[in-house]
Amino acid sequence: MKLITAVIKPFKLDEVKAALETAGVKGLTVSEASGFGRQKGHTEVYRGAEYKVDLVPKLRVEVLVDEADADEIIDVIVKAARTEKIGDGKVWAVPVDTIVRVRTGETGPEAL
Amino acid sequence: MKIDSGNTAWMLASTALVLLMTPGLAFFYGGMSRAKSVLNMMMMSFVSIAVVGMAWVVYGYSIAFSDGGGANKFIGGLDDWGLVGLEKTATLDDGTGIPSLVFVAFQATFAIITVALISGALADRTKFGAWVVFSLVWVTLVYAPIAHWVWGGGWIMDKVKALDFAGGTVVHINAGVAALAVVLVLGKRRGWPKDPMRPHNLPFVLLGAGLLFFGWFGFNAGSALAANDIAGVALINTMVATCAAGFGWIVVEKLRDGASTTLGIASGFVAGLVAITPACAYVTPVGALVLGLIAGAVCAFAVSLKYKLGYDDSLDVVGVHMVGGIIGALLIGFLGSTAVNPAGAKGLFAGGGLELLGKQAIAVAVTIVYSFVVTFIIAKVIDLTMGFRIDAEDEISGIDSAAHAETAYDFGSVHAGSAISHGTLAGSGSDQTKVEAEA
């Protein structure tokens, strides 16, 4: 099993969500995040004093998937989140040892 | 003398307009401060309404405006303490036909906002009790005497004959200089100027600037003490100078920083209002426009003085009120005209020579020196006795919860009522957690 984490532009959430549903993903977790990549932040000016805002608002989307589906799901997210402009984000996957469904106690792929 | 109902009606309205400026100022300042200290910022304005409003009735009006006998050059007397007797004097003895008590109330609103103006320099770090004591002592030892010199029959009015229609020296230079003196005693905010301390709510700032603009018509046009042509001149000049100053400020910003900002236009408006205050009944509307443009552009540069000179005037009271006030007071010396008001005087450009400019410069210089020295002493004494500054820990976690047991905003909206609802937003959560822990 894999945990796929995607950091995306907030306005792309609907498209990513729709694409994941179409691809058969059963659930996902979304949280607000902030950070920067190569584009860095932006500058704001208050009474002539410049403030560098380093951290750009992003969303973090997390999906647990079967190992065999991971590459396909990553591809789905990348296509849906892409604007081809700087700051589109990153997607990565890490192996997951254990998953338990809280309600039933099921474990492993059954719990996805 | 018989009461003049037209003049009285205008002065009643003006008094209400000027009083509204202080809550307006609270929004203007509150929006510019940080989320964790907005309530304290606004509270400093509101409590000056309470404290100064009382002091004015008890003795403030008397020492500013009554006859001081032998010492009248420098200070009024205590004959009118508690306004005793004034309730029986139907009208002022200046021929305007407005009731004495209406004039007292009108002047009270000036004293109130002048004290509140100073608080903008003290954001985030001033002990609330110390501010209350400061308000009371400052209005007594600094505001009332200067008001007496300029308006109450004292030596600037009587001997120097400098012009200050609605309070360029008494209100703005005075408050701006006092702000500088207090921050020199108080010290810089922790983290300034390294940490970003951006305004937390720019719509508040715009709302406050709008209310100030609205109330300022009472401030300036009300200072005619009559519903007449002079009030009309003051009103149009107040309008056009403010327009020009807001525009001047955002043009400077566009050229210097690349963008015209909302904070810039709001600040420019205030700078224009400040600068036209002393001059509003002594210049022509075109003169007011020129004065406003100069004030807006110069103040846009003046607010960065604090970074160069290293004093933490949090919300630029010095850069806007002191500098704007000086510009307005001195420009009367150039732009003064008797075309709109025979009680005015001719400045340099109207063929009046340098005489008026000299008088204006004396009034400005005296106000700066007196206000700075006496305010510095008051602030130092408060600092050495009760302490003027809050604890480091309270300053970091936010003065609102420490001084007022309140916070302005409930940021914990993820799961209302659950244990993880607070403390999850960096920077703003810590003050709420503290209140919860204590509860």
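Note: Cβ is positioned from N, Cα and C throughout, glycine not excepted.
Per TrEMBL, the features are:
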| type | residues | note |
| --- | --- | --- |
| DOMAIN | B:9-409 | domain 'Ammonium transporter AmtB-like' |
| TRANSMEM | B:12-31 | transmembrane segment |
| TRANSMEM | B:38-59 | transmembrane segment |
| TRANSMEM | B:101-123 | transmembrane segment |
| TRANSMEM | B:130-151 | transmembrane segment |
| TRANSMEM | B:163-187 | transmembrane segment |
| TRANSMEM | B:199-218 | transmembrane segment |
| TRANSMEM | B:230-252 | transmembrane segment |
| TRANSMEM | B:259-276 | transmembrane segment |
| TRANSMEM | B:282-305 | transmembrane segment |
| TRANSMEM | B:317-340 | transmembrane segment |
| TRANSMEM | B:360-379 | transmembrane segment |
Answer key: the stretch among B:101-123, B:230-252, B:282-305 with most Cβ pairs under 8 A to the transmembrane segment (B:259-276) is B:230-252
Chain residues in Cβ proximity to the transmembrane segment (B:199-218) (below 8 Å; excluding those fewer than six residues from its ends, i.e. six or more beyond): 13-21, 23-35, 38, 235, 238-239, 242, 262-263, 265-267, 269-270, 273, 277
List, by number or range, the same-chain residues at least 6 past the transmembrane segment (B:38-59) whose CB is under 8 A from its CB atoms? 19, 22-23, 25-27, 29-32, 78, 81-83, 104, 107-108, 111-112, 115-116, 119-120, 122-124, 126, 128, 131-132, 135-136, 139-140, 200-201, 204, 399-400, 403-404, 406-408
Does the transmembrane segment (B:101-123) make contact with the transmembrane segment (B:163-187) through 3 or more Cβ pairs under 8 Å, each pair 6 or more apart in sequence? yes
Interface present between the transmembrane segment (B:12-31) and the transmembrane segment (B:163-187) (three or more C-beta pairs under 8 A): no
For the domain 'Ammonium transporter AmtB-like' (B:9-409), the averaged pLDDT of the predicted model is 96
